[in-house]
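Asks: Supplied in C-alpha cells, the structure appears directly below.
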Amino acid sequence: MFLVSCFRILDRGVVRALAMVDAVQRANAAPLLANANLTLGLWIRDSCSDVSTALRATEDFIREERHWRRRPVMALVGAGQSEISIAVARQLTLQMIPQISYSSTASILSDKSRFPAFLRTIPNDEHQTGAMVSLISSFQWSWVGMVTTDGDYGLSALNNFLWQTADRQICVAFKSVLPESVTNQNIHAAIRQTALTIYNNPKVKVIVSFAKPTIMESLFKELKRQTLAAGDSLDAMRRVWIASDSWSSMDLKNVEELGHVVGFHFKRGNIEQFVNFLSRLEASEEGEVQSSHSLVASTVASGETESGMLGMCSVQMAVLAIAYAAVEMCRHNDCKTPEAIQPWQLLEALWMEEFETEGARYRFDQRGDINLGYDVSVWKVQAGGTVQETVAEYQPQNHSFSFTRGDAMNPLTALKNIVSRCSSSCAPGQFKKSAEGQHTCCYECINCTENYYSNSTDMDQCFSCNTDREWAPEGSVACIPKEMLFFCWNNGFAIVLVAFSALGIVLALLISALFYHQRHTPVVRASGGPLSQVILYSLIVSFVSAMLFVGQPNSAQCKARQVLYGISFTVCVSCVLVKTLQILLAFQFNPAQQDVLRKLFQPYVIVSVCSALQVVTCICWLVLKSPFSYIINQNTTLLQDCHEGSYIAFGVMLGYIALLAFICFVCAFKCRKLPQQYNEARFITFSMLLYLMSWLLFIPIYVTTSGVYLPAVEMVVILISNYGILSCHFFPKCYVILLKKDKNTQSAFKKSLYEYSSKSTASFETSESSENAVGLDWSTVEIKSVEVSVLNQDLKQRQSLRRSFSV
C-alpha cells in the first residue's frame with residue numbers, strides 16, 4: 001500500500017498550527033472558560049496536503065479516543081484546503097462532529113443538506129469571486145483569463161466566477177484547468193500548454209488564478225522560458241495577476257517580471273498577541289516544541305514571513321467559537337461525565353451562540369459561514385526584496401472597496417492605465433456588433449443608424465428616438481428635437497406676400513373712398529355704382545383671407561381662410577358677371593327681346609343667388625368634413641399645415657368660382673368692341689383669363705408640392721386673382737378720374753358714342769354680322785340721367801341705320 005509521506009514543512013502550515021496553540025492557551029486562560037471550569041484540549045495532526053492522509057488522521061481521532069477511553073473529540077478545526085475539508089466533512093457528518101475550517105472556501109461546503117456539521121470562519125468562494133469581479137469591473141477590464149485546478153476548490157471557483165462575470169459584461173478569454181496534484185504525470189504538459197495559451201493571448205492583460213502556490217511558481221517559470229525562447233522581452237509576459245487566497249500569501253521573486261500581482265486574503269486581524277507568543281517561543285530554550293519550530297518562530301517573529309500570517313484571525317475565531325459554544329453547552333449539560341455529552345450538542349450550540357473577539361460579536365450565518373470580507377494586497381519591490389502591502393478592504397455588505405490610501409498614493413492607481421479588452425471601446429454614437437460564435441467582448445463598432453443613438457461607451461444596442469418628435473443622424477449620441485415648420489410671419493417670402501395683401505387692402509379702401517366721392521360722375525356710374533363698392537369690399541375680405549395662410553395654423557384658421565376666400569371671391573365674380581350680362585342685354589339682343597329680358601334682369605338677385613350657392617357649399621363642407629390643422633411627420637422636421645378635410649368640397653368651391661369666371665370670360669369676349677369710355681369687356685376678359693390661368697397652374701402645383709411653402713402657392717394665386725380684378729376693373733377708372741378729368745363728363749361720353757355710332761353705320765355696310773360685335777359697358781339696373789339719354793340716342797341711331805339699310 002502506497003502512503004504519502006510528508007517530506008517538507010510549509011511555513012504557512014506551521015504558523016497556523018502555532019496560532020492554534022496560542023489561541024487555545026489564551027482561551028483556557030481567559031475568564032470565560034476559567035469561570036466555567038472548562039479546559040480545551042488540543043490534538044494536532046498533519047494532513048500533508050493529501051486527502052487520504054487527512055482521512056486516516058480523522059479516523060485516528062475517533063478510534064484512539066474510543067480505544068483509550070479519552071474524552072471524546074468534540075470538534076475539529078481544519079482543514080486548510082477545500083478538497084481535504086470536503087472529504088473530512090463527509091466522514092465527520094456520520095457522527096455530527098462539528099468541523100470549523102479557517103481557509104476552506106469551496107462554495108459546495110455551504111450546502112447544509114450535504115455538509116450539516118461543517119462551519120467556517122471565512123466567506124465562501126462566491127464572495128471571493130464576487131470581490132474579484134467587482135475589482136475587474138471597477139477597472140473596466142472585460143477580457144480576462146482563468147487558471148484553476150481540477151479539484152473541488154478550483155472547479156467551484158471557476159463556476160462561480162463564470163456565473164458572476166456573465167452579468168457584468170466580462171468575458172473569459174480562456175480557461176486553463178490544471179491537475180490538482182503536483183505529482184500528476186500530466187502536470188508539466190498542462191503547465192506548458194497554459195503558459196503557451198497566455199503567451200498567445202497578448203490582449204489578455206488580466207489573469208485570475210485559483211491554483212496552488214507550487215503550480216503558480218512552475219507556471220511563472222515556464223511562461224518566462226517560452227517568452228525568452230520566442231525572442232521577446234520579458235515585458236511580453238507582464239500581466240495583472242489576481243491571486244485567490246490559495247496562493248496570495250506565497251513569496252514571489254522577481255515580481256517586476258510578472259507585472260502586477262493583486263492578492264485577496266482573509267482578514268488578518270490583530271496579530272500582536274500572536275507575535276508576542278512567537279517571540280516567547282523563540283526565546284524559550286526548553287521543550288520539544290522549541291526544537292521543532294525554532295526556525296519558523298524566529299522567522300515569523302522577525303516579520304520576514306508576515307504574509308504567511310494572513311488569515312490567523314480565522315484560526316483564532318474558530319477556537320473562540322468552540323469556547324463560547326462549550327460554555328453554553330455545559331450550562332445545560334453535565335460536562336464532567338464524558339458520556340453525558342455528544343458532539344451534536346456542541347454543534348447546536350455553535351449554531352446558536354454568538355462569540356466575541358476584539359470588541360465585535362459574530363455568529364455563523366444560515367450557511368455556516370462568517371463573512372468578514374477580504375484584505376486586498378499588492379506585491380511591490382523594495383530594497384530588502386519583495387513585500388506585500390495591504391491597499392484596500394472589500395466590504396461584502398455593499399460590494400465595494402475602501403482604500404487604505406488616496407488615489408495618488410495607492411499602488412492600485414497604476415492599474416488604471418492597463419487595458420484588457422478584446423476590442424477597442426466603442427464611442428458614443430456606436431454600438432457593439434459581435435460576430436456569431438465569438439465572445440460578446442469581441443466585436444466591431446458600428447455607427448447607430450438614422451433615428452437611433454447611443455449616449456455612452458460600449459453600448460450593446462442603440463436606443464430609438466421618438467420619431468413623432470425627434471430624429472437623429474447616423475452616429476448620433478442624442479436625439480435632436482424636430483423643428484416645427486410652418487409658413488411663419490418672419491419668413492422673407494411671407495413678409496412680401498403679407499405686404500402685397502396689406503397693399504391690396506389699402507388700395508381697395510382708397511378706391512372705395514374715391515368712387516364714393518366721385519359717385520355722381522359718368523365713369524363711376526358707368527362702372528356699376530353700388531356694385532363697385534360690393535366688389536371692392538369683397539376683395540378686401542379676399543385679401544384678409546390670404547393673410548390667414550401665414551402663421552402657425554390652427555383649426556379655426558384652417559376653416560376660415562378657405563371659406564372666406566371662397567365666399568368673398570364668389571361675390572366679386574358674381575358682380576362682374578352682372579356687369580357682363582348687362583352689356584349683353586344692352587347690345588347683343590334686338591330691342592324687342594331687350595325689353596323682356598330687362599324686366600327679368602335683377603342684378604342683386606343674381607349676385608345673391610350665385611353667392612348663396614357658394615355659401616351652401618361651404619356650410620356643407622364645414623359641417624360634414626371641415627378643414628383642420630395637422631402635423632406632417634417628416635424625417636427631420638415637423639410640418640404643421642392645414643388639411644382641407646374634403647378635397648372634393650375644396651374642388652367644388654374652386655370649380656364653382658371657375659365656372660362663374662368662365663361665363664364672365666365668354667360673355668365679355670363677345671362684347672369686347674365698344675367705345676373707349678364704355679368698354680369694360682376687354683378688361684373683364686383679361687381679368688377672368690388671368691384668374692383661370694392662375695388657378696389652372698395652381699392645381700398641378702398644389703397636388704404635387706408639399707412643404708412649408710405650399711400655403712404660399714395658394715396665397716400667390718389669390719393675390720394674382722385679386723390684383724387682376726383691381727388692375728383691370730378699377731385702375732383704368734381711377735386713371736380717368738384722377739388724370740383724365742376732361743373725359744369724365746357727359747359731353748365726352750356723347751361725343752364718344754356719336755363717333756362709335758358713325759363707325760357702326762359703316763360696319764353695317766360691310767356685314768350685318770358685325771352688329772353682334774357692338775356693345776356698351778353698362779352696370780346699372782335703372783337707366784338714368786346721362787346713361788339714359790346716351791343709350792336712347794344710340795338706339796335711335798341704330799334703328800335709323802336699320803331703316804336706311806331697309807330702304
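Note: Cβ is positioned from N, Cα and C throughout, glycine not excepted.
A TrEMBL annotation is a machine prediction, not a hand-curated record.
TrEMBL feature annotations, pasted as is:
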TRANSMEM  492-516  transmembrane segment
DOMAIN    493-753  domain 'G-protein coupled receptors family 3 profile'
TRANSMEM  528-551  transmembrane segment
TRANSMEM  563-589  transmembrane segment
TRANSMEM  601-624  transmembrane segment
TRANSMEM  647-669  transmembrane segment
TRANSMEM  681-703  transmembrane segment
TRANSMEM  709-731  transmembrane segment
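Are these features on the surface or tucked inside, and what are their neighbours?
Replies: Same-chain residues lying 6 or more positions outside the transmembrane segment (492-516) and placing a CB less than 8 Å from one of its CB atoms are 524, 527, 532-533, 536-537, 539-540, 543-544, 546-547, 550, 709, 712, 715-716, 719, 722-723, 726, 730, 733-734, 737-738.
With a threshold of 8 Å between CB atoms, the same-chain residues lying at least 6 positions outside the transmembrane segment (528-551) that come near it are 486-489, 491, 494, 497-498, 501-502, 504-505, 508-509, 511-512, 515-516, 519, 557, 560-562, 564-565, 567-569, 571-572, 575-576, 578-579, 603, 607, 711-712, 714-715, 718-719, 721-722, 725-726, 729-730, 779-780.
Remote same-chain partners of the transmembrane segment (647-669), defined as residues 6 or more beyond its termini with a Cβ less than 8 Å from a stretch Cβ, comprise 562, 566, 569-570, 573-574, 576-577, 580-581, 583-584, 610, 613-614, 617-618, 620-621, 624-625, 680-682, 684-685, 688-689, 691-692, 695.
With a cut-off of 8 Å between Cβ atoms, the residues of this chain six or more beyond the transmembrane segment (709-731) that come close are 487, 493-494, 497, 500-501, 504, 507-508, 511, 515, 527, 532, 535-536, 539, 542-543, 545-546, 549-550, 553, 565, 569, 572, 576, 641-642, 680, 683-684, 686-687, 690-691, 694-695, 697-698, 701-702.
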Asks: So what's near the transmembrane segment (681-703) in sequence-distant terms, Cβ-Cβ under 8 Å and 6+ beyond its ends?
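Replies: Same-chain contacts beyond the ends: 573, 576, 579-580, 583, 654, 658, 661-662, 664-665, 668-672, 674, 710, 713-714, 717, 720-721, 724-725, 727-729, 732, 775, 777.
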